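Q: Pasting a structure below so you can have a look.
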Amino acid sequence: MKEERIDECTPVMPVPLRAAMDLISRVVVFKALVFLCFIRSSQGRDHFTKLNLPPFLKASKFSTFQHEVYDYIIVGGGTAGCPLAATLSQKYKVLLLERGGSPYGNRNITLLENFHISLADVSPQSPAQGFISTDGVINARANVLGGGTCINAGFYSRAKPSFVQQEGWDAELVKQSYPWVEERIVHWPKLAPWQAALRDGLLEAGVSPYNGYTYDHLYGTKIGGTIFDETGYRHTAADLLAAGNHKNLRVLLYASVTKIVFNMKQGHKEPRAIGVQFKDENGRHYQAFLGEKRGSEVIVSAGAIGSPQLLLLSGIGPRNELKKHNISLVLCNEHVGKGMADNPLNSIFVPMKNQTKQSLIQTVGITDAGVFIEASSGFSQSDDSIHWHHGIMSAEIGQLSTIPPKQRSLDAIKKYVQNKYNLPKEVFDGGFILEKIDGPLSTGSLVLVDTDIDSTPSVTFNYFQHPQDLNRCVYGIKTIEKILKTNHFTNLTANGVGYQMEKLLNMSVSANINLIPKHTNDTTSLQQFCRDTVTTIWHYHGGCHVGKVVDQHYRVIGISGLRVIDGSTFSRSPGTNPQATVLMMGRYMGLKMLRERLGRAAGPFDILTELGISELRKIKS
């Protein structure tokens, strides 16, 4: 049977559009989106073809080859899962199961100018599944092949050497693994004016030295890499599947893994993972199994939300938590879902006198106080985007924060959308300067809300619970104040002389949308401002920590044939932005596992040689 490639262009429906359907004809909007998606999606399809990717099959096609067995089953085709699958497939048969669809052909994913739209999309086809932590902070998890690399701001920066050492990684193999990613999907940005102003402002404010364009984590100010190319096209972890051996690699989309299957027979030292249960896009259930070769494994790479969730649903976790949901106990481990953390983000909105060119993260200030300073600016206005809608973290939608949380209903949003169109677009010209905490000491936990894999668990991050995190936030806001007082920013403002910090804080309280009630002293107490305006930049991690849930090789403690390889194993987020290191981790662990299974203690070059001359050529191409 001929394999079916998925390359769909499905119109998505962001929140304000859904809220305003009584204002705009459903038929007109739908036809317009279909037409625009058709005529403007060729770039995504061309990129799909040029990459020579393996076939992407809908999960329902599994019935045509359901008797096959695999050396590795990888749950989650995300930031770590894609490079891991590509690497392991060079020598072994791999089944990659992704719960979302393909990123190719969806311009809300692939184009920088439409960045905010996918985050605001709440349709079933959305690549970003929104959720709200118990702290009241709006967040998102990826639901698409390529994972977080499909919905993030694209910034690429490596972890500092001490992180590599802390993880116990082979430094030489790490040095081989980063470039494998970079040569395929990473680019140098063309610096936007807002980013250049931040660079100069950081240096004048004392965040020095200037380290130029570099991937490395260096104290001072630098320009990092990006997964957006010079045309604004996004390159994702899914692109890395082109480096795999197509004969050995099966990729299923819309395959939601509901449970890991174990061999619990008496006489075995410990339970052994032998396969997974999953459902397809129609809700039909299947089982996929590992072969009997020694070394075959199930690998969970479902992210910091999905990985601990799947372990819990499979019977690995705290006894009382599993009992509450009538889940049969496979292994009691009180640490599953614990130690969840998210790097808190606070931002200052700065209105400009002229329309600001759109930019995402390009410049970063790395301070010695454990605070990172970044920036974003401008808003997308592409033909097939929803005009004047700019996502969760924007001055415009931030006005919803003036509505009490319990009153933020669909009717309230409708009224807001209707009034919004009467505002001049110029009021939204401007940008944000962001500060975020490195390695927050405040942590929380993840628990199930039910046994449905499609339900996002209840997550608590406890932002600023630890006083040191709050002190660092205040330091970051004060650093931003210094930056805004430099000529590089005062010359850009509407009045040409800059704004009083109190006025900017007032505007920023409304610009940062979360469900946390605001206080009257937000502009006089920076501590309260930090607490009330905290948002996320999607760098959450934890839930399957090394030494507690998995060992140094990411094998689940007490279980045979099962690993977790993704950001859920981290006790802190690597570097200024984690995607570089999570991508590298997938490649790195693939090489490590090949080394282990081939039964040789080889160096990085020997491992690459083992993969064959063709793979070496791909690295240089």
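Every residue gets a Cβ built from N, Cα and C, even glycine.
As listed in TrEMBL for this protein:
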type     : residues                                 : note
BINDING  : V144, V257, W538, H539, G567, P578, Q579 : FAD binding site
DOMAIN   : 303-317                                  : domain 'Glucose-methanol-choline oxidoreductase N-terminal'
DISULFID : C473-C530                                : disulfide bond
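Could you give the neighbours, burial and distances for every feature on this list?
A: Residue environment of G567 (FAD binding site) contains 28 other Cβ atoms, counted within 10 Å of its Cβ in all protein chains.
In this model, the domain 'Glucose-methanol-choline oxidoreductase N-terminal' (303-317) carries an average pLDDT of 98.
Residues within less than 8 Å, Cβ to Cβ, of C530 (disulfide bond) and separated from it by at least 6 positions along the same chain comprise P344, N346, F464, L470, C473, V474, I477.
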Q: Are there residues of the same chain, six or more positions away from W538 (FAD binding site), whose CB falls under 8 angstroms from its CB, and which are they?
A: N139, A140, G148, I151, N152
Q: Take the domain 'Glucose-methanol-choline oxidoreductase N-terminal' (303-317) and count its residues per DSSP category (helix H/G/I, strand E/B, coil), listing them in that order.
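A: So the counts come to 11 helix, 2 strand, 2 coil.
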Q: Could you measure the widest C-alpha to C-alpha distance across V144, V257, W538, H539, G567, P578, Q579, the residues recorded as binding FAD, and give it to a whole number of angstrom?
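A: Those residues reach a largest Cα separation of 25 Å.
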